[in-house]
Amino acid sequence: MREIVHIQGGQCGNQIGAKFWEVVSDEHGVDPTGTYHGDSDLQLERINVYFNEATGGRYVPRAILMDLEPGTMDSVRSGPYGQIFRPDNFVFGQTGAGNNWAKGHYTEGAELIDSVLDVVRKEAESCDCLQGFQVCHSLGGGTGSGMGTLLISKIREEYPDRMMLTFSVVPSPKVSDTVVEPYNATLSVHQLVENADECMVLDNEALYDICFRTLKLTTPTFGDLNHLISAVMSGITCCLRFPGQLNADLRKLAVNLIPFPRLHFFMVGFTPLTSRGSQQYRALTVPELTQQMWDAKNMMCAADPRHGRYLTASALFRGRMSTKEVDEQMLNVQNKNSSYFVEWIPNNVKSSVCDIPPKGLKMSATFIGNSTAIQEMFKRVSEQFTAMFRRKAFLHWYTGEGMDEMEFTEAESNMNDLVSEYQQYQDASAEEEGEFEGEEEEA
């Protein structure tokens, strides 16, 4: 019941995805060969959300791995859980997208997309009641962003009523891998606004900060960063996979988090984050989890929630705890910091409690917030985009693949509209119904 098909694209997506499958397999007691070695029936009860049972009792992830070059997939295949995936579900080209969104979306990616869709169909058909798709990708490169958004729009056509959840790694403010990141990211956001239901926004810099500040790692690797992301990914779907007192699924999340269809870009966080040495000295309480959960330093994308207001938020707790205490703490947060929540959506924090904590912890919490502060991130990318686009820098790489300049202009204005929508709702108050007309001009 309620299966989720997982798709990972490009180098970033495949590396995050590989880490995620290590975490989920571990939670369900599945070893790298796909054999169950768990100790509790609860691990098996809804294992089919993410796994397919194959012959001989082997569990195979409902995962589709795609890339336009074979490199990253080879390293996934030779990694710790590389042998658990279905070999047919590796779909790759040989050319690479070369960090070019147009190659991923229009030329190289378009040639490969049909073979990916065949695998998607095959996975969807083996589901009893498909809940939706989750896509891991980055927005700065070529494959994850260009081909990832192409795949999302194709799946949207074929499965219009299923949830589409993305984990999108956006370019960081200070750390840049590629000069053309602002182009790729803007073109991708243009697609995600229209075709995705929920986007969890992540970025490397915020993740590095968490590793430095909170986890006290002196030299964080991408492995450490991806571990943080996979903790959130596992937290978001734990209600589907384990019994709980207050359940949440992808659709409930969407209904509670998205007040307006375009505003579906969320900040995420996870607690407890403690440095490796100090774990055993801390007994966690619900107030402590709540405290860390709402902490701005805990957000995995480079936007400061204190610069905006929360439209809605969702807290997913895991472990044995009293639901009464959870509710009290959530109310407490809203009452004490009421200026950071919009007053025209009363009680805008949803909470859910799942009984089974993640490996090695007594309790944990995952946070998803829909805050107007996320406009900072879009603004930043948009400014970098405009600076380059005004001079038409690097544009020939895109037009050479058949793109038109108009597409860039459209993507740019769509992104700017998104920013002003967030701004409009940040400034709106509950009383001023008739004043909206004047407000929009100012935004």
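Any Cβ shown, glycine's included, is placed from N, Cα and C.
Not measured: the values here are computed from a predicted model.
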Per Swiss-Prot, GLN11, SER138, GLY142, THR143, GLY144, ASN204, ASN226 bind GTP; matching candidate in GLU45, GLU53, GLU69: GLU69
24-43, 424-443 - the range that Swiss-Prot marks as region 'Disordered': 424-443
Sparsest-packed of the listed binding-site residues (GLY142, GLY144) - C-beta count within 10 angstroms: GLY142
